[in-house]
């Protein structure tokens, strides 16, 4: 057999050309210090801020501090499984969470894992946890109303789709109740809801889930829970997980309502994490970037332009104050980021006025553009009369000899306050609210005893619903024109004659 060198060299050449070896390069380092859910890692010189890290036993971490000779990382999961000397690998990926229709009706943790015992989740898309908010050109002014079903809010502090409206007040003043009412009122509107519980008791979260289920609201709601027993990094991640899930629906042109309950505990979790990472503390021991922590979260709520689907995320962040001090660090930060605030007053709450919304100092900076005309027509007068009533109330405490006009104004004010009272989980549709306000500002309740006002309102609305087309006309025309005004006045007068 004759050996042909050129043939052999040809075969070798072909083999060399076709040879491909893929190199899987992974940066690795080792844990030099671990404790309190924080790990310091030596050797991860190419790690990026926010990059996911792989610890042994399937534990994940996130690189946050990139220092000269080590990386400070938070451990997402059980920190007891990490020990000094463990090998850590950089994944090259940033934190992301699964999103999709399958999440509706489920309770998940900050990592998007189900914690409700209803089986596994099959999500449709991975969404980055920290995504840049949409720019100015991609947005559109707020112009569609988001009805909460609460008369004080829809009338005097209206919210539009794409708005950020802060709910602020002391503990036990009904902040969560207002947010839950808003979620329950989205039934049959097509709005998807996300409730993010940060640092709350597990029993409280269980009650909220049960309440949403009883009201038939859980089917269009995602609950993201990072309870008080979870580590600070998981509490820090929870709101970003919630908004990432919401962005999936917004990108599809759908509307989302997200509640962050509450951002005070979120800031405390971030402070704990930052101090453990040895970042320098600032005012109230919060780190210097605590404003950016909330601004980058709340800026992701938006009303998108028609060119990119016209979807929206409406955010209702909640802040807890100490003894009504709204000038503390975190409250002032969040007030300056949001488009208005709903202030819940502990004095009103304790006097039996629920929901305890103080309409005088609550404000909505952009929601007015989203109100229907019929509501604008009646609510402006309600707000004015309420302001005058509160002013007169102060004077009335000093003297009893008041003239008839002042007494009449005080009596009207008492009835407006009575009309604004509302039971929890009993939302009013917008046309019913318009009728209630119309009735009180036109003096039809002035001679009705205060303890009979709410019965009058209830029976009047039932009468209009059963025997007239007035409510349907308000929905259709969205304004009270002369003919509808006359019809409504006649209906109220006829009802008043037979009311006893």
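Residue numbers in this text run from 1 along the chain shown.
Cβ from N, Cα, C; glycine included.
Taken straight from Swiss-Prot:
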BINDING   169, 170, 171, 172, 173, 174, 175, 176  ATP binding site
SITE      362  site 'Required for activity'
Of the binding-site residues listed (169, 174), the greatest number of other CB atoms within 10 A surrounds the CB of 169
Using other CB atoms within 10 angstroms as the count, which residue among the recorded positions 172, 173, 176, 362 scores least? 172
If the ATP site is taken as the center of the Cβ atoms of 169, 170, 171, 172, 173, 174, 175, 176, which further residues of that chain fall within 8 Å of it by their Cβ? 320, 344, 346, 349, 356
Other than its own, how many Cβ atoms are within 10 Å of the Cβ belonging to residue 171 (ATP binding site)? 11
Where residue 169 (ATP binding site) sits in the secondary structure, as DSSP reduces it to three classes: strand
Show which residues of the chain containing residue 170 (ATP binding site), separated from it by at least 6 in sequence, have their CB under 8 Å from its CB. 320, 321, 322, 323, 324, 344, 346
When DSSP is mapped onto helix/strand/coil, what comes out for residue 362 (site 'Required for activity')? coil
To the nearest whole angstrom, state the Cα distance for the pair residue 174 (ATP binding site) and residue 362 (site 'Required for activity'). 15
Around residue 175 (ATP binding site), how many other C-beta atoms are within 10 angstroms of its C-beta? 25
Looking at the binding-site residues 169, 171, 172, 175, whose Cα is closest in space to that of residue 362 (site 'Required for activity')? 169
What does DSSP say about residue 174 (ATP binding site): helix, strand or coil? coil
